[in-house]
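Feature list (source: Swiss-Prot):
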type	residues	note
BINDING	HIS154, GLU159, TYR161, HIS190	divalent metal cation binding site
Amino acid sequence: MHSLSERVEQLRLNDCPDWLYLLHEFDALYRQGSDGGSRPIRTHRKRVRDSLALIVEANPAVNDRPPEVKPVTAHLGRALDLGERGAVQGMSRALARVAGRLTWEYGYEKVPKALARKYAYCEILGPRGPICAERLILGFVLFAPSTTYPQHSHKDIEESYISVAGAWSENDAAVHAPGSLILNRPGLEHRITTGDLSPCLLAYAWTGSEERLNQPGMKLSSPRKARIEKGI
């Protein structure tokens, strides 16, 4: 006699309209936004779109992970409110519809105590689900106001971030507003700071090999290494 769990049919993407519509919003961001004349950004955007199109066409399995919150998710409601007023309203609304099903996490074995209260991320598509995929990861990262996310990098992973809400800066190079996209090439060391009045919500896409995306090896750089590389 089969158990109840064995008799329940595996959910697929087309059975879960809220997840599907959220992917539509990712597709719109990477299809309709500008590359600013940058060939690497243009290539990355196309890679994300093409990978996502193949995933959606395949109607992958959806494995709902147990919802999990972190201290910073107390700021999520405000971030979504701000997002609905900005350049990526559709993304903010679509994310709000699945907010109670998100699994927020840190990704590091050891997280500085101050950062643990101000940062978390959630994946919505990738090797661990909830929407199962092997060669692409999509998700969101949330920062509290006045956060400094220390120097770090991702080996063999190309990553892009699109602002949904809040103002932030990477490596003190510019201030990014909702709707803007930045691209980090594999291995690029980067440090993020956020404005002091509002939370910051970013949508992201990671591309890389199946092996690397399964084991991204997230690790904060040592302060000494960061200082040496900056010539300090």
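From the backbone N, Cα and C atoms, a Cβ is placed for every residue, glycine too.
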Tell me, by DSSP, whether GLU159 (divalent metal cation binding site) is helix, strand or coil?
strand
Going along the chain, which residues six or more apart from GLU159 (divalent metal cation binding site) have their CB under 8 A from its CB?
LEU183, ASN184, TYR204, ALA205, TRP206, THR207
